[in-house]
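Engineer: When I checked TrEMBL for this same protein, it listed these features:
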- 1-27: signal peptide (SIGNAL)
- 45-91: domain 'Gla' (DOMAIN)
- 120-158: domain 'EGF-like' (DOMAIN)
- Cys129-Cys146: disulfide bond (DISULFID)
- Cys148-Cys157: disulfide bond (DISULFID)
- 202-240: domain 'EGF-like' (DOMAIN)
- 233-408: domain 'Laminin G' (DOMAIN)
- 415-595: domain 'Laminin G' (DOMAIN)
- Cys568-Cys595: disulfide bond (DISULFID)
- 589-611: region 'Disordered' (REGION)
Amino acid sequence: MRRLTAARSGSLLGLVLLLLRAELCGSQRFLSQNKASQFLLRHRRANTLFEESKKGNLERECIEELCNKEEAREIFENNLETEYFYPKYVVCLGSHRVGINNPNSEPGIPQNLRTCVQEISNQCLPLPCHKDGYERCVDGQGSFTCVCKAGWRGQRCEQDINECEDSEFPAGCSQTCYNLPGSFMCSCEKGFYTLDKILCNDINECILYPSVCVEPSKCVNAPGTFECRCPSGYQYNMSSRKCVDNFGVCNMNFSHRFAAEFDFRTFDPEGVILYAESSQDSWFMLGLRSGRIEVQFKNEYSIKMTSGGKAINDGQWHVISVEELMGSISVKISKEAIMSINSPERLFSLVNDKLDIKVYIAGLPNRNESLIKPINPRLDGCIRGWNLMNQGASGVKEVIQEKESKHCYVHVEKGSFFSGGGLALFNIDYSSTNIWKLDVVMNIRPSSSTGVLFALVSNHSVPLSVAVVTQGPDDANLQVFMDGICVATLQTLMLCYPDWLVVEMKASADGLHITANSSSVSYSDSETLSMALSKLNSAMQGHVHTYIGGLPDLPLSITPISAFYHGCLEISVNGQLLDFDEAVSKDNSIKSHSCPPVSAPDPPSAESQLR
């Protein structure tokens with residue numbers, strides 16, 4: 001009996017332990033009885049029989065009730081969306097319907113069951129499109145479509161269309177185009193304006209500024225620019241605003257074909273040597289481009305342009321001849337033919353059995369638009385031994401002798417020469433980046449007089465200038481002025497020697513630095529220099545004009561030094577060597593590519609003369 005009782009007691013104890021263990025396990029791994037019953041319970045609404053005959057509804061079937069995969073298939077009516085939806089639907093049920101939060105679930109899963117289930121089938125949540133390029137997202141069957149804004153493309157509208165280069169979506173800018181994210185911007189060059197932000201229209205300066213040209217010149221508008229056209233034989237000087245005698249014109253009347261021969265010397269790489277015309281429709285141009293001979297001509301039969309031979313802008317004398325032959329035009333350098341141009345008919349037609357032509361020496365008539373390829377007509381060179389139309393120097397000699405500006409130096413070397421009679425104007429952009437900079441390198445050989453080398457002018461003020469200042473017959477220095485105040489002085493004996501002096505000046509919003517070989521520099525006190533740099537920085541935020549060799553007419557109170565520079569000069573600004581033939585305007589007295597030496601070079605030896 002005890003054994004039975006003990007057995008029963010042991011069994012009851014084991015059962016109690018088993019139940020206790022099961023209760024403990026259940027408290028950790030299973031739901032409460034109430035929640036379990038709710039999970040298994042499926043509520044049936046009224047008219048359930050009729051709902052089964054209707055098309056599946058996501059709200060009714062899978063949110064208000066539980067749906068299986070087959071019922072989900074009836075809702076979406078395709079496998080693609082069903083396969084996408086149902087695994088995520090089970091995750092939503094596990095996180096919301098049961099009431100258990102999954103710690104490993106994504107933080108973006110909504111905490112509301114309805115929202116969670118509804119977002120599963122919306123392919124546009126979360127947004128798959130590029131936020132800057134899309135206009136709207138269209139939900140599809142297991143897919144999405146990003147509708148792009150104008151200026152964007154790609155599956156997710158992530159690619160910006162470069163309208164400036166894309167042939168399928170051209171911007172249509174008539175001049176300059178800048179691409180922007182999802183858009184573009186058109187810009188017009190100087191001398192043009194736009195009304196529709198696409199097309200550029202020419203500014204008619206002659207109407208906008210009636211007094212831009214001074215009589216006897218007449219204003220002639222051209223695309224992006226204008227010309228002050230002077231009477232025949234004269235050219236307009238933008239600096240002095242006068243018509244000046246700029247080149248020689250010879251009127252020739254012969255029965256011969258066109259021919260010319262002469263000795264020529266230059267360091268200039270580009271310019272017009274001579275231009276001949278018999279009418280506006282028949283002309284011939286002989287010039288230099290990149291130091292090589294170039295010929296352009298036009299008549300009633302043909303239009304041609306050609307170039308050839310080696311570069312001859314070496315400062316040495318070369319014999320050049322041009323001769324019109326039967327059926328061709330021959331060009332020779334030092335008796336060696338460098339080109340033969342086919343011309344089956346006469347270059348110039350005869351009028352009353354006479355060849356009536358007008359020859360322009362080292363220049364062009366006022367109209368330059370007739371050339372096949374534009375050329376800078378300015379040429380700094382020397383011509384001697386003229387033989388025009390096989391008549392020697394007849395006609396040419398008289399024209400040159402009358403014009404002092406056409407006289408040559410016997411000996412020259414490379415460089416630009418300022419006679420002290422004028423200046424040159426350049427338009428230089430110093431703010432190619434967001435921060436402006438100024439780096440000027442000057443190779444100078446001044447005379448014994450005071451003069452301005454380099455200057456910036458803004459709104460009738462001179463924020464910066466560099467000048468040679470003589471203190472006596474054997475004493476000179478370089479001074480840097482900012483807004484009329486001397487902020488730096490460079491002392492060197494080299495200014496009084498016949499050798500070239502290399503000077504470098506760097507300026508920015510943060511400071512000023514000037515150096516030269518065999519020199520010493522002193523600067524003004526820090527407070528004065530800081531105030532001057534501040535004014536310079538303000539001026540550099542706008543447009544400044546760059547003057548070389550002097551200053552325009554300004555009140556004497558603005559700057560202490562305004563005299564024109566006298567001497568030789570080579571100058572580079574921000575790494576670019578300035579070519580005075582490319583200046584906006586320059587005085588006729590400036591020799592762009594030749595400078596007289598201090599003393600004549602030694603004559604060649606007998607041996608070299610024989611060679």
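Every residue gets a Cβ built from N, Cα and C, even glycine.
Any TrEMBL annotation is an automated prediction that lacks curation.
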Engineer: For Cys146 (disulfide bond), list the number of other Cβ atoms lying within 10 Å of its Cβ atom.
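Structural biologist: Other Cβ atoms found within 10 Å: 22.
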Engineer: Could you measure between Cys568 (disulfide bond) and Cys157 (disulfide bond) for me? Cα positions, answer in whole angstrom.
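Structural biologist: Between the alpha carbons of Cys568 (disulfide bond) and Cys157 (disulfide bond) there are 61 Å.
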Engineer: Which of the disulfide-bonded residues Cys148, Cys157, Cys595 has its Cα closest in space to the Cα of Cys129 (disulfide bond)?
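Structural biologist: Nearest candidate: Cys157.
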Engineer: Hey, how far is Cys146 (disulfide bond) from Cys157 (disulfide bond), Cα to Cα, in Å?
Structural biologist: 7
Engineer: Counting across all protein chains shown, how many other Cβ atoms sit within 10 Å of the Cβ of Cys148 (disulfide bond)?
Structural biologist: 21
Engineer: Using Cβ atoms only, which residues of the same chain lie under 8 Å from Cys157 (disulfide bond) while being at least 6 residues apart in sequence?
Structural biologist: Cys129, His130, Gly133, Tyr134, Glu135, Cys146, Val147, Cys148, Lys149
Engineer: Roughly where does the domain 'EGF-like' (120-158) sit in mean pLDDT, to the nearest integer?
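Structural biologist: Looking only at the domain 'EGF-like' (120-158), pLDDT averages out to 87.
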Engineer: Could you tally the C-beta atoms, other than its own, that fall within 10 angstroms of the C-beta of Cys129 (disulfide bond)?
Structural biologist: 23
Engineer: Which residues does Cys595 (disulfide bond) neighbour through Cβ under 8 Å, counting only same-chain ones at least six apart?
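Structural biologist: For Cys595 (disulfide bond), the qualifying residues are Val412, Glu413, Lys414, Gly415, Ser416, Phe417, Arg445, Cys568.
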